[in-house]
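Student: Please see the structure below; I have some questions.
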């Protein structure tokens, strides 16, 4: 049985709708006392177990390699055990004891942990959030920001602890407050724990903890505490969370771009492989110069190659000339090598520059070998007969790829001019009043004379 549909978007959308409906039911179940919720939960549980079983049958052991699949499996079968095991156990105890309402039941034994799975059903909402790309990006950004806020929270706790000690020592012990406020000061700041709690409330802009302001020193202490806790620490926490979320968003966008680029590269590689196999007439795994130029001469195949490689004709000819090698009196290129180097051609470190350097080095090597060959011939002659040959000024020659690119450009221009001439002739014949159309309608025309005969 083919279960590939379990991985398709339609099935995932169906399960997301079930989770959304279940989340609404979970909220209503807490506020409304209705026995029908039991059967509704059974209906949802059947869906969840069906999803887990179908995916296990489809994926096999690889199903348990992801955290969410393991959690989904645990929640589904934990809820099933909660639904069946506890009533079955209570019924069994009642049957054995003969008491319809036994004092000892599963709710007071080991099985009492099973109802926890009802509460953990809320974790399915995370799967619902990840079904939407925008929400998933936001949730992952918040989760990533939490890693960066750890040390900010530690710093905030240390600052709170410092102020808690100061307020306990000065206000809780009655050093800076009036005697009539000493009892209230002990209740509010009499211990470090109570002072720490009130400082936390003050950091969250709870003004109810601001007391005993008749004393100048108390007012100064509260002002300093509010500046440090409410302004500095919260602003620092907000900035750290914002920076971490922005950094994570950039990372996620870069990963998405890399994923799309990898998919495009795979698609382009398949297209180029198919085109090169069509170019390779003798099916020897390589394309020679004639096969490549014949392909460029075919307008349709050349357009398809330009679109797949995202290069112009000039760039294709140049790239082929750089990558191809001399073999058996001609230049050939393995199309796997062509495709692999084409991937790196547009990277920041331009591979085409290296190709040009290699071509220049080969040309330099040929010139040096020619110079050594001439020198060896001179050294073999007697001393009195040695004459240095006149070194002619080398003519400026275009590279082979440049010549071929210019030839193709001239052919395209000639083809364009020919089409323009044909189009103008058709227009002149179709429109009345033109000299060519009048000549075609003249009775002295040989063609018309033959037609009249």
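Backbone N, Cα and C define each Cβ position, glycine as well.
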Student: Select from 36-54, 55-73 the stretch of residues annotated by TrEMBL as transmembrane segment.
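Tutor: Going through 36-54, 55-73 one by one, TrEMBL flags 36-54 as transmembrane segment.
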Student: Under TrEMBL, the annotation transmembrane segment belongs to which of these stretches: 194-215, 216-237, 238-259?
Tutor: 216-237
Student: In TrEMBL, which of 110-137, 138-165 is tagged transmembrane segment?
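Tutor: When 110-137, 138-165 are checked in TrEMBL, transmembrane segment belongs to 138-165.
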Student: List the helix, strand and coil residue totals of the domain 'EF-hand' (267-302) as derived from DSSP.
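Tutor: Taking each residue of the domain 'EF-hand' (267-302) in turn, the totals are 26 helix, 3 strand, 7 coil.
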Student: How about long-range neighbours of the transmembrane segment (216-237): same chain, 6 or more residues beyond its ends, C-beta under 8 Å?
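Tutor: Same-chain contacts beyond the flanks: 149, 152-153, 155-156, 159-160, 163, 166-167, 170-171, 176-177, 199, 202-205, 210.
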